[in-house]
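What TrEMBL records for this protein:
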ACT_SITE  Lys307  active site, proton acceptor
BINDING   Ser190, Ala223, Pro224, Gly225, Gly226, Asp242, Asp262, Asp278  S-adenosyl-L-methionine binding site
DOMAIN    5-73  domain 'RlmM ferredoxin-like'
DOMAIN    87-164  domain 'Ribosomal RNA large subunit methyltransferase M THUMP-like'
DOMAIN    188-280  domain 'Ribosomal RNA methyltransferase FtsJ'
Amino acid sequence: MSELNTLLLHCRSGFEKECAAEITTRCAEIGVYGYPQFEPAQGYVIYHCHEPGTAEVAIRKLRFRDLVFARQWSACVARLERLPSADRITPIAEQVAKMPSCSEVMIEVADTTEGRELQGFARKFSSALAQALRQQSLLLPRKQRSQWRLHVMVIDGKTLWLGVAPVANSSPHPMGIQRLKFPAAAPSRSTLKLEEAWHYFIPKRRRDELLAGGMTAVDLGAAPGGWTWQLVNQHMFVIAVDNGPMNEDLMESGQVEHRREDAFTFAPPKPVDWMVCDVVDKPARVTELVVHWALNGWCRNAIFNLKLPMKQRFDEVEDCLGRLRGELASAGIAYRLEARHLYHDREEITCWLSLTPEN
Ligand SMILES: C[S@@+](CC[C@H](N)C(=O)[O-])C[C@H]1O[C@@H](n2cnc3c(N)ncnc32)[C@H](O)[C@@H]1O
């Protein structure tokens, strides 16, 4: 597979610089060198590896879940250009023949206005391509599970990137986008951030253990109550800390106690199962708050947002997560920490700190 020389990473439009800085840093840590290329607001980054085949090394060795800003990725063989509209499939098939065997095709576009306009074309093309590749035995039968998935990133009707990603080390969703329906009864759209965070961070096998009825939670910066609504929806008992007003219907559930207090000085009466925090403040200050909760043993799990500054956003994330890891390690606390720029996040990232890791 020596032809996999390029990584393609999807990210939120406007976060190409952060995505590029992150992949450059993580690749250098495993001895893969190259350079990123992107246009502002294009919704993806290309990372050209210097040594042939090292995009494959990177996509195998790096853990996709360790990347914060990449929503999806693939290791590409080529950018196919000037594809004839009468037969786009033949040149693609020629390339696919050189790639590892896959049993599924994922067609993707950039998460931008231009990208979304291509979605209709991409969908139709996807089924035609899959059918043609299967007929030529270039795609394994659906039932035959393969380690790799074929990725086709449509740039326009004549241009695309062709690549592969390990099924177990990439997002199962096209462009890494987890689509969720807004629950009509929830008091704010922020509710989707916590819902997506649970989907993304908590493995299915641990769902019942970590999100169970009767658990207790503290929601810091809770008003008007979108995150509290999610906790109540899981039948948890919640202390909602915020000077602002909470949604009245939510308060009528009888599962919420509203405390008009400062999130940074609030101490829970008893340790809780979950602490969640959506306070808008400096990321370093929120990091300190989470460290304080962890060192005091006040929660078993935490989900918190780090609002990103205007500049040096990648450096700020590295600093905050590094600080948190350092503090927990010096205190000898077992933990698992994951962070992700979720689809429903804007100028923030979401982190999950588990103080009850599996092993
Ligand atoms: C983004 S909103 C939270 C939205 C909420 N998660 C939801 O889903 O409805 C941020 C909240 O943090 C609160 N906040 C900011 N600083 C705070 C502090 N020091 N203590 C408590 N709440 C604070 C604000 O009043 C605001 O309601």
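Positions of Cβ are set from backbone N, Cα and C atoms, glycine also.
It should be emphasised that the depicted structure is a prediction, and the values quoted were computed from it without experimental measurement.
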Residue with minimal Cβ packing [other Cβ atoms within 10 Å] among the binding-site residues Pro224, Gly225: Pro224
Between Pro224 (S-adenosyl-L-methionine binding site) and the residue listed as 'active site, proton acceptor', the C-alpha gap once rounded to whole angstrom: 18
Among Ser190, Ala223, Pro224, Gly225, Gly226, Asp242, Asp262, Asp278, the record's S-adenosyl-L-methionine binders - longest CA distance, Å: 20
Recorded positions close to ligand 1 - of Ser190, Ala223, Gly225, Asp242, Asp262, Lys307, only those whose C-beta is under 6 Å away: Ser190, Ala223, Gly225, Asp242, Asp262
Among Asp242, Asp262, Asp278, which are binding-site residues, the residue with the most C-beta atoms within 10 angstroms of its C-beta: Asp278
For the domain 'RlmM ferredoxin-like' (5-73), mean pLDDT (0 to 100): 97
Whole-number Å value for how far Lys307 (active site, proton acceptor) lies from Gly225 (S-adenosyl-L-methionine binding site) (Cα to Cα): 18
DSSP-assigned states of the domain 'Ribosomal RNA large subunit methyltransferase M THUMP-like' (87-164) in counts, ordered helix, strand, coil: 30 helix, 22 strand, 26 coil
Chain-internal residues, separated by at least six, CB under 8 A from Ser190 (S-adenosyl-L-methionine binding site): Gly226, Trp227, Asp278
